[in-house]
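These notes concern the structure reproduced below.
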């Protein structure tokens, strides 16, 4: 039996600092060139040379202003500010590649579904079915103020709203245009058969719509759905909707329990356990030898910003760490809006009593996860053990020095993984991202997925009687 | 004195049918390939070879459902439905070109300003300052229903809202980040100087915001502003905000009076008359000889759809032309929401008593403007006479058979215009679209522009005392 193949996403953001902060100051780092198209197209080509499954673009709407009560440190250290739109770098990357997928983060709380659905359909067309959507609901008051609200919508309300939003976009993507609607018949002068194009009607608690989807069906219709919610409500949302889930990568045993929980909940929604691919976040520093890797790591460390990391973490948790002494126990009020961040920390990041020192110790490269440092063989051992012990399907590879860290991984780790038979030698020829992840012929959501249940017609074109 | 150079935009849409309907059925037409990136990159390269100033992408949110009370004809004939997002084809085109500008239409009624401003800043970064925004406020009830409203917002209300929206995006683009804010100083570990990044506060009748702009300043900050309003309120809006204005191209004398009106109103807002470049819409069918052009025109006509054109026009005017006999005088109720369309028609398209026959006579290529047909010399004569007699600065060249019509223009008309000294031999080396249109050194809005007045700091970094 062939070994399970490790899936790989390059984790990135249309910004200078993403997870490992401060590294833009490294002399070889080019992350400050994020405004250049060539920076992106060249990265996509490197990753496709390494047979990466996807390049995943995080996003944040808003600024981190919890630490010291303002955005000064994030601005100085370029901690996800400035931050440009992630979707707009995809078309240029798609034009210079053929296989790699593109995950785009979009905050549904602030994007009107009618226009957002068209944007994703357009990307799916232009990439020929290589697009995914990372569904986020946001957590920053600063974003809410940008949108003209006094503060963000409550955490559970956001998920209620998200469920309603998903219903709308599923209907637009899956229900509005039948597969046989577009015929492009020049002789008969029929582009679309209007009888096979349906108005979507939705009158939900948060969203109402009565419209035809503006785009004709794209290769995948619904983009591959990503999610990273770690609160109980967030995991339920992921188990219901997500096809790829991101989990933190701090601890294999804890991660295993999270993975099992997600798969069990997916089954409770009528899905198969492996209908969800789970990616652990990981930072790798690799050298030709262990010693070369350690030296590289020590060199990188000198440019890292623990303060940038902790300013980021302050907004993730809602706790202003600047107020604490190094060894002072950190207490917090568990408010609804910070519930998921607090659950995430208590599960994954810090055990025992929290202190600022413990958090800072995590920040060796300016990010909260400790990097894996070693030779190609050592990195491969570690990745394989994560697959075996934590039950994940692959990794979200976090960047350090750009693009050097991805080049090193492609040049050193990928061949080692291929030699071991745990990584693909070449891409699956199936064109769409969903097929590459789940197998040929599965370009669309599987029938058991909640989104597929919005289809009112069958693949053969016969109308179903299901009511929307 | 060198002759005034004609400006040229290629007018297009991320859709099959744009203005001249039905031509997708022509055997050589490739407009049904609008979902392929190569279709767009190859078009951009053709236009850059022809030294076009810009490729302009129209957009519509909603579907034309006035004709026969539904979208059947538009769907069958692909009359702007399906319609994909225009912004997403720009990055790929930008990657394969260096000079041509990109005008993107976006409906401000439905796009949250905080996210929209970031999207345009991102495009301006990625294109290195080659982006423009065509400001539209929408006019379709079908779009409003897509957004969860029972019907569209009233016409004048839309412009009140638009003025408020413009204040918000000007503040984000011009006021939030000072020019000296981003220093990228690796040694000092300072990416941005937080003291030079300002929170935008706006509490207007329609929009409130309290946020830092998410993007650092792009080459142009505010994209080049395009507008096409033809109602009195719309022309006022254009005279105040727009840097490029589109006018119909039916009649030189009438156009001259519109042009003079726009420039006079611009002056009343403290601007120079030539602070606005005015483009007339025009459809050209050119052949190597007059006879070859006429034959091509007759061949194209056989594929055109007058019914598609009239279905489009029914939504533009709010009049269901299917209800009228050919020679029956057409009466209409002048409602607020259709005021601008009716003003547009009565000024420009049809004189005397309206009939369906008169409208159909305009639809020789499935669009409402009569094409100009002839040899390169004849086309050049006509274009020059428009510049001289109507006072326009250039043309929005409407497509017919794609990409043949643009290739013909580049191969046949451009050399003729260059020979006459009325068209540039090469691009201005200045990098940004605004400089190419208005002269080197003017990458940003000029000081007299309403948007520039939102700057709270001077170019040298000194704070002004102007209150927002």
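Using N, Cα and C of the backbone, Cβ positions are placed for all residues, glycine too.
Summarising the annotation, TrEMBL assigns FMN binding site to A:59, A:105, A:155, A:159, A:230, A:231. Feature annotation from TrEMBL assigns domain 'Luciferase-like' to A:28-393.
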Mean per-residue pLDDT computed across the domain 'Luciferase-like' (A:28-393):
91
Among all the protein chains here, how many other CB atoms are within 10 A of the CB of residue A:230 (FMN binding site)?
20
Pick the one among the binding-site residues A:105, A:231 whose Cβ has the fewest other Cβ atoms within 10 Å in this structure.
A:231
Across all chains shown, how many C-beta atoms besides its own are within 10 angstroms of the C-beta of residue A:159 (FMN binding site)?
19
